[in-house]
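Below is one structure, written out as structure tokens; the observations come after it.
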Amino acid sequence: MRPKIAAGNWKMNGTAAALTELHSLATGLPDNPPQIVICPPSTLLFRATDATHGSPIQIGAQDCHAEEAGAYTGDISATMVADSGASHVILGHSERRDAHRETDADVQAKAIAAWGAGLTAIICIGESEAERDAGQTLDIIGAQLDGSLPDAVEAGNTVIAYEPIWAIGTGKVPSIAQIKEVHDFIRARLIDRFGAEIGNALPLLYGGSVKAANAVEIFAVENVDGALVGGASLKAEDFAPIVTALAQS
Ligand code: PGA
């Protein structure tokens, strides 16, 4: 049985006032909630873990550096993320691969650092619109998986998020058949590389314009174990129905 996970990526949104959203979310949870991981900006990590103490909501960072400490102005290490009380870290989001030129090798090194600090890595992969149009989606996804995942992947230390770049923040969502095709492909690739036990145990999230209106349909897809949600995770009133849809899936 794989865990169901509703993850929220706040990106560069939210000051202290946004912590009230965590309280609202925590008070409106369904029975048997899935795992919930909210990833606020790093300035809010300590306060967010405080604010969710005793609730089922877990906190994650949006990135970490591969080194434990040193002269890396502006970066935070996995140890610092763990020190905040966070349990997860998003790695290799397409916005970081794009704007910060992060490579698969960088993502892999960060995952090893994350594990070393006791964090679960949420590793993101996804094709661009041009790559999809050129029929390269599965090749790109396969190469990103091979390059971004360290060999020491274990069931409890990694979550994979498939996020087609063209679906992020655009309101465009792949068809259910397209989501199923990629998730089935990822599952088979994971089993091939890590064996059936680990390959079947790794949760696969879909991300890209998930909202309450499409969540039920997406969560019904085999091999979709949850979602990584951007815009619709900022407000509890938008995220709560997605959490409920996952709980009931
Ligand atoms: P979105 O973002 O839900 O706003 O499309 C998803 C993401 O970037 O993780």
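In case you wondered, yes, glycine gets a Cβ from its N, Cα and C as well.
Keep in mind that what you see is a predicted model, and the values were worked out from it rather than measured.
According to TrEMBL, the protein has these features:
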type	residues	note
BINDING	Asn9, Trp10, Lys11, Gly169, Ser209, Gly230, Gly231	substrate binding site
ACT_SITE	His93	active site, electrophile
ACT_SITE	Glu163	active site, proton acceptor
With every protein chain in view, what's the tally of Cβ atoms within 10 Å of the Cβ of Lys11 (substrate binding site), excluding that atom itself?
18
Please list the binding-site residues from Trp10, Lys11, Ser209 whose Cβ falls under 6 Å of any atom in ligand 1.
Ser209
Would you find the one among the binding-site residues Gly169, Gly230, Gly231 whose Cβ has the most company, meaning other Cβ atoms within 10 Å?
Gly230
Pairwise CA distance, Gly231 (substrate binding site) versus the residue listed as 'active site, proton acceptor', rounded so that it is a whole Å:
14
Counting other CB atoms within 10 A of each CB, which of the binding-site residues Asn9, Ser209 comes out lowest?
Ser209
All-chain count of other Cβ atoms within 10 Å of Trp10 (substrate binding site):
20
Glu163 (active site, proton acceptor) and Asn9 (substrate binding site), Cα-Cα, nearest whole angstrom:
12
Under DSSP, is Gly231 (substrate binding site) helix, strand or coil?
helix
With Cβ-Cβ distance below 8 Å and at least 6 positions apart along the chain, what are the contacts of Glu163 (active site, proton acceptor)? List them in sequence order.
His93, Ser94, Cys124, Ile125, Gly126, Tyr206, Gly207, Gly208, Leu228
Where the record says Asn9, Trp10, Lys11, Gly169, Ser209, Gly230, Gly231 bind substrate, what is the longest distance in Å from one Cα to another among those residues?
14
For His93 (active site, electrophile), the number of other Cβ atoms found within 10 Å of its own Cβ:
28
